[in-house]
């Protein structure tokens with residue numbers, strides 16, 4: 001392709017602010033790329049044409065299950081995409097929809113230990129809870145897991161998806177709200193490594209996380225928490241406070257992380273996603289605990305240049321971002337907030 005390219009962004013107001021879309025548009029303008037904000041409530045045809053559409057339609061996809069207006073918005077978007085096959089979609093709707101379901105994403109995670117065996121990458125044991133009506137059957141099923149357990153909503157989107165709890169015994173299973181996943185909690189020294197993926201590039205950012213807990217069942221009450229609050233860069237939660245004698249863990253192997261990203265890009269068929277990984281305090285194994293759709297890229301100052309480079313690459317253009325710009329561009333996006 002030659003000349004100027006048009007890239008449509010279909011994002012919620014909240015997402016636009018978090019990635020600072022206006023600043024990104026200004027950055028792209030200097031590289032022959034026009035950024036256009038798509039209004040999904042208006043016909044898309046007159047707003048086009050688009051060489052690329054970058055979107056995060058999580059709200060619309062989730063609401064379309066019970067809301068006719070969202071169903072229509074989604075149908076209109078899909079119709080436009082079908083009518084314009086040359087437009088590159090970042091990322092494919094089916095792939096994004098799959099990651100909205102933790103049942104589906106955890107099945108992908110559970111197979112990583114096979115494909116990445118040489119890198120000692122794994123994910124914790126987990127259990128899908130379709131219904132908690134029969135507490136006895138849930139108690140029997142969790143014998144395949146090890147306490148404490150972390151409970152997460154099935155839908156991996158929205159404010160409720162950050163509401164989690166730590167369950168310390170069979171009695172605590174009464175606090176389970178189905179549908180959800182129960183995942184064996186792995187001690188990891190209160191350090192979370194967020195891997196942000198932008199096409200061929202990825203970036204690792206360290207965040208606070210849950211402190212270590214003694215393994216095995218105990219009579220401790222269930223702890224309810226919001227993962228978004230616990231893992232904010234400036235988080236100062238009692239849940240992240242380690243004992244002074246807790247040894248520091250080594251950072252994740254850059255080679256193992258690169259292998260993980262490569263495998264997930266293949267498995268997911270996506271270019272914009274995040275992976276939450278931890279280091280097991282006992283085995284030092286790289287452990288994958290969650291996959292996120294189009295995260296906030298907070299703490300990644302190279303986000304703007306990486307995204308522009310990926311857009312140019314899918315259009316068959318040579319990236320026009322200099323090494324100097326890669327160090328400085330997108331600095332304003334470092335103030336963005338994770339989702």
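Yeah, the Cβs are placed from backbone N, Cα and C, and that goes for glycine too.
The 1D-myo-inositol 1,3,4-trisphosphate binding site annotation in TrEMBL covers 15, 56, 162, 292, 296. Residues or ranges marked as ATP binding site in TrEMBL: 102, 152, 183-194, 209. Residues or ranges marked as Mg(2+) 1 binding site by TrEMBL: 276, 290. Summarising the annotation, TrEMBL assigns Mg(2+) 2 binding site to 290, 292. Among the features that TrEMBL reports, domain 'ATP-grasp' is placed at 113-320. The region 'Disordered' annotation in TrEMBL covers 320-339.
Taking a C-beta cut-off of under 8 angstroms and a sequence separation of 6 or more, residue 56 (1D-myo-inositol 1,3,4-trisphosphate binding site) has the following same-chain neighbours: 10, 11, 12, 15, 96, 293, 294. In terms of C-alpha distance, the listed binding-site residues 162, 276, 290, 292 place 276 closest to residue 209 (ATP binding site).
In this structure the C-alpha atoms belonging to residue 183 (ATP binding site) and residue 290 (Mg(2+) 1 binding site) are separated by 11 Å. Inclusion criterion for the binding-site residues 162, 187, 193, 292: a C-alpha placed within 10 angstroms of the C-alpha of residue 276 (Mg(2+) 1 binding site); this criterion is met by 193, 292. Between the alpha carbons (Cα) of residue 187 (ATP binding site) and residue 290 (Mg(2+) 1 binding site) lies a span of roughly 15 Å. The C-beta environment of residue 191 (ATP binding site), restricted to residues of the same chain at least 6 apart in sequence and closer than 8 Å, consists of 206, 207, 208, 209, 249, 278, 279. Taking the binding-site residues 183, 187, 209, 292 in turn, the residue surrounded by the fewest other Cβ atoms inside 10 Å of its Cβ turns out to be 187.
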